[in-house]
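K.L.:
After the structure tokens below, expect a handful of questions from me.
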């Protein structure tokens with residue numbers, strides 16, 4: 001009895017498993033029309049009304065959908081496949097059924113003025129060629145960069161052109177070394193020096209900027225002074241400087257007037273000889289007639 005009961009249980013379990021896992025072969029009176037590109041299958045077989053009435057509506061439709069889906073999957077597995085990231089993928093062909101659009105196709109855009117002009121003149125758009133890495137150009141750009149740094153530091157570069165001269169002096173070599181060391185982003189600040197190497201001459205000073213984070217009192221004072229100067233209608237007057245300037249101008253004017261007076265007095269004095277005095281005229285003075293002038297003869 002125990003053996004029979006075990007066999008019955010196994011048979012029942014196999015039957016239930018078979019119902020769950022149905023066969024992949026499906027028999028149809030008429031073959032389905034497949035459009036594998038759109039994953040579409042059209043079933044033209046007639047539905048028996050008796051079978052539809054005997055079974056439940058949902059069970060009948062579920063069984064019909066399952067059979068048709070199985071046939072579609074069988075058609076997919078007939079296509080060539082490939083493995084992509086541990087998954088088998090089938091290559092679908094071009095779709096054969098034209099599906100309707102949800103919205104009407106967009107209207108073609110009218111050509112722009114440039115497109116009309118290009119079409120009239122026969123101008124065609126050319127595609128830019130892909131750029132190729134050029135080692136010579138890179139070396140030339142690096143050389144120009146070093147020359148710009150040397151020019152900014154007012155240092156003569158050793159040699160002419162891309163190739164240096166065969167014989168170079170000690171000064172030229174030292175300049176070349178200093179230029180090469182200061183060509184880094186830190187301007188040679190973190191470059192190691194030789195044991196007996198001297199510091200470079202005529203090294204430019206780097207500009208110092210105030211820190212962005214820290215004490216803002218000095219920055220606030222500078223901004224307030226700038227606003228005060230901008231708001232004032234008249235420029236700020238330094239009284240001491242203005243008074244000194246005015247005094248210097250007055251001294252210059254006084255000295256200039258004195259020079260002109262001396263020159264004018266010296267020009268008005270005649271240089272006489274003999275009986276001519278400093279301030280008198282020839283034959284003049286108080287002597288001779290008491291200073292009266294004689295009239296012409298015949299007249300009083």
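Just so you know, glycine gets a Cβ as well, placed from its N, Cα and C.
Nobody curates TrEMBL annotations by hand; they come from automatic prediction.
Bear in mind that the values here come from a model prediction, so they are computed numbers and not experimental data.
Sharing the features that TrEMBL gives for it:
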REGION    165-300  region 'Disordered'
COMPBIAS  175-187  compositional bias 'Low complexity'
COMPBIAS  190-200  compositional bias 'Basic and acidic residues'
COMPBIAS  217-239  compositional bias 'Basic and acidic residues'
COMPBIAS  246-257  compositional bias 'Basic and acidic residues'
COMPBIAS  270-279  compositional bias 'Basic residues'
COMPBIAS  280-290  compositional bias 'Gly residues'
COMPBIAS  291-300  compositional bias 'Basic residues'
K.L.:
Work out, from DSSP, the number of helix, strand and coil residues along the compositional bias 'Low complexity' (175-187).
P.N.:
7 helix, 0 strand, 6 coil
K.L.:
Could you give me three numbers for the compositional bias 'Basic and acidic residues' (190-200), the DSSP helix, strand and coil residue counts?
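P.N.:
Taking each residue of the compositional bias 'Basic and acidic residues' (190-200) in turn, the totals are 0 helix, 0 strand, 11 coil.
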K.L.:
By DSSP, how many residues in the compositional bias 'Basic and acidic residues' (246-257) are helix, how many strand, and how many coil?
P.N.:
12 helix, 0 strand, 0 coil
